[in-house]
Amino acid sequence: MQISAYLCALIACCGLTLSAPTANNKSSSEAPPLLLVSFDGFRADYLNKYSFPNLEKFFSDGVLVHELTNVFTTKTFPNHYSLVTGLYAESHGMLASIMYDPVAKKHFSIKNDSDPFWWDEATPIWVSVEESGYHAASAMWPGSDVNIQNHTLKYTFKYDSRVSFKERLGNITQWMTTDKSLKFASLYWEEPDFSGHTYGPDNTTEMARVLKEVDGHVGYLMEELDRMELWGKINVIITSDHGMAQCSEERIIRLDDCVSPSSYTLVDLTPVAAIIPLEDKTTVYNNLSSCHVHLKAYMKNDVPDRLHYKNNERIQPIILVADEGWTIVKNGRLPRLGDHGYDNTLPSMHPFLAAHGPAFRKGYKMSSFNSVDLYPLMCHLIGIPPKANNGSFAHVRCTLVNEQCGELALAVGLVMGVLIILTTFTCLFKLMKNRNVSSPRPFARLELDDDGDDEPLLE
């Protein structure tokens, strides 16, 4: 009886734990605003190699995710769109910095990016926010100034690299404080990507200089939010789209040395080249396959599934992927000392993530999660339903102060295991006890009573 009582108490406790609500059930009207900031090309391991006093202050009172596994190709436009849609590039259609759509016969480049045609295959979070009856804002996030699915942001302005970080942030904080229905804002900054391309990530002198500037922007961000009485009241996420790899003149792959220039059209260049064969596709593919030991060639349908880069009409018939640090050119020289776009399993391609605000744990660190997981997290923070996506809220819920996560699940599992063992032993104990006190005549229970009872087994 005593063991049974203990079991009942344990089961009751576990029942309460398991049935307790795990979601942040705040409606979007109650949820604080969310600010998403991207520092383009911020490689994850910069955090280990350089000093970031302001950024460290930011995540010491919040969350740090050491690495994000981003999407392939590890380029700016595909990854910024994945962050706000939760989709792989093949799903949202923003596949590269230069694209060609063979059905519409249209060309895309970063200098010609305002046609909604290229963006309408997905729904970015700012569209969902406005569909929910709230407002969103953006300071130069890729695609934020485009009319997507017949939605144009109320608060935005076109990309202009001459606009300072302070001015971009100033617009965001002004909009947030004057419009209480503004629930989401995004801000984009070009560095350290620009310097990484120009000098290469191995140039520690130049990278130390630009990363000090970036850390200064983080410091200003905290000061400005505090001045506007937003610090600690809104949720802030700082992240990036990709990392950066060092390139050199000694690591160049010249395609014209392998195939006739007249046999192919090059849509996107390096380090992932998109090829349209103008002659026999198999011949062109075979020549490219044997072109260089540091170059992998794939027919579109043979691109590895893990890259999620085959199921879209904008992906060209032949895809070339250079090894880390190698550069693909037609016949020219090295275009830049640093580059990205390589295989998304490479640590050099990974960005980081830091978060701060009332929804986030304090001093919490994670090793990694997928960049597409950020989208369902942001929808949860704002309190809006996510669109279909490739991410998982379960992967990121441990970052939140009100969420149960892996440690608790393990503890509950251990308790349940102990309960099963105790229950088994209790049942065996009772069976043995009943057997010891039972009648010596094994068939006595089957004897009928004198009153004609015909249900002897239903005692």
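Residue numbers in this text run from 1 along the chain shown.
Keep in mind that glycine also has a Cβ here, set from the backbone N, Cα and C atoms.
Residues or ranges marked as active site, AMP-threonine intermediate by Swiss-Prot on the basis of similarity to another entry: THR76. In this view, THR76 (active site, AMP-threonine intermediate) is surrounded by 24 other Cβ atoms within 10 Å of its Cβ, with every protein chain counted.
Of all Cβ atoms in the shown protein chains, 29 besides its own fall within 10 Å of the Cβ of ASP241 (Zn(2+) 1 binding site). According to Swiss-Prot, the Zn(2+) 1 binding site annotation covers ASP40, THR76, ASP241, HIS242, on the basis of similarity to another entry.
Feature annotation from Swiss-Prot assigns substrate binding site to TYR159, ASP193. In sequence order, ASP40, GLY41, PHE42, THR76, MET244 are the residues of the chain that are 6 or more apart from ASP193 (substrate binding site) and have a CB within less than 8 Å of its CB.
Following the DSSP three-state reduction, the secondary structure of HIS197 (Zn(2+) 2 binding site) is helix. According to Swiss-Prot, the Zn(2+) 2 binding site annotation covers ASP193, HIS197, HIS340.
In sequence order, ASN287, LEU288, SER290, CYS291, HIS292 are the residues of the chain that are 6 or more apart from CYS258 (disulfide bond) and have a CB within less than 8 Å of its CB. DSSP classifies CYS258 (disulfide bond) as coil under the three-state reduction. Look at Swiss-Prot and you will find CYS258-CYS291 (among others) tagged as disulfide bond.
Around CYS405 (disulfide bond), a 10 Å sphere centred on its CB holds 18 further CB atoms from the protein chains shown. Summarising the annotation, Swiss-Prot assigns disulfide bond to CYS398-CYS405 (among others).
Per Swiss-Prot, the feature N-linked glycosylation site maps to ASN25 (among others); the stated evidence is sequence analysis.
The N-linked glycosylation site annotation in Swiss-Prot covers ASN112 (among others) and is backed by sequence analysis. DSSP classifies ASN112 (N-linked glycosylation site) as strand under the three-state reduction.
Taken from Swiss-Prot, the feature N-linked glycosylation site covers ASN150 (among others). Within its own chain, ASN150 (N-linked glycosylation site) has no residue 6 or more apart in sequence whose C-beta sits under 8 angstroms from its own.
Annotation comment: Swiss-Prot describes ASN171 (among others) as N-linked glycosylation site. Under 8 Å, Cβ to Cβ, and six or more positions away along its own chain, ASN171 (N-linked glycosylation site) finds ALA137, ALA139, TYR155, PHE157.
Counting Cβ atoms from all protein chains shown, ASN203 (N-linked glycosylation site) has 17 others lying within 10 Å of its own Cβ. Classification of ASN203 (N-linked glycosylation site) by DSSP places it in coil, neither helical nor stranded. Under the heading N-linked glycosylation site, Swiss-Prot lists ASN203 (among others).
For ASN287 (N-linked glycosylation site), other Cβ atoms within 10 Å of its Cβ number 18. Taken from Swiss-Prot, the feature N-linked glycosylation site covers ASN287 (among others).
Under the heading N-linked glycosylation site, Swiss-Prot lists ASN390 (among others). Shown in sequence order, GLY86, LEU87, TYR88, SER91, HIS308, VAL372 are the residues of the chain, 6+ apart in sequence, with a C-beta less than 8 angstroms from the C-beta of ASN390 (N-linked glycosylation site). Secondary structure at ASN390 (N-linked glycosylation site), taken from DSSP and collapsed to helix, strand or coil, is coil.
Feature annotation from Swiss-Prot assigns signal peptide to 1-19; the stated evidence is sequence analysis.
Among the features that Swiss-Prot reports, topological domain 'Extracellular' is placed at 20-408.
Here Swiss-Prot flags 430-459 as topological domain 'Cytoplasmic'.
Comparing Cα positions, TYR159 (substrate binding site) lies closest to ASP241 out of the recorded positions HIS197, ASN203, ASP241, CYS398, CYS405. The shortest Cα-Cα distance between HIS340 (Zn(2+) 2 binding site) and any of the recorded positions ASN203, ASP241, CYS398 is the one to ASP241. Separation of the C-alpha atoms of ASN112 (N-linked glycosylation site) and HIS242 (Zn(2+) 1 binding site): 22 Å, rounded to the nearest whole number. Within 8 Å of the centroid of the Cβ atoms of ASP40, THR76, ASP241, HIS242, where the record puts Zn(2+) 1, the same chain has further Cβ atoms from SER38, GLY41, THR74, LYS75, ASN79, HIS80, ASP193, SER240, HIS340, PRO351. Within its own chain, HIS242 (Zn(2+) 1 binding site) has GLY41, ARG43, ASN70, THR74, LYS75, THR76, ASN79, HIS340, GLY341, MET349, HIS350, PRO351 as residues 6 or more apart in sequence whose C-beta sits under 8 angstroms from its own.
Long-range C-beta contacts of HIS197 (Zn(2+) 2 binding site), restricted to its own chain and to partners at least six residues apart, with a cutoff below 8 Å, comprise GLY41, MET244, ARG336, LEU337, GLY338, ASP339.
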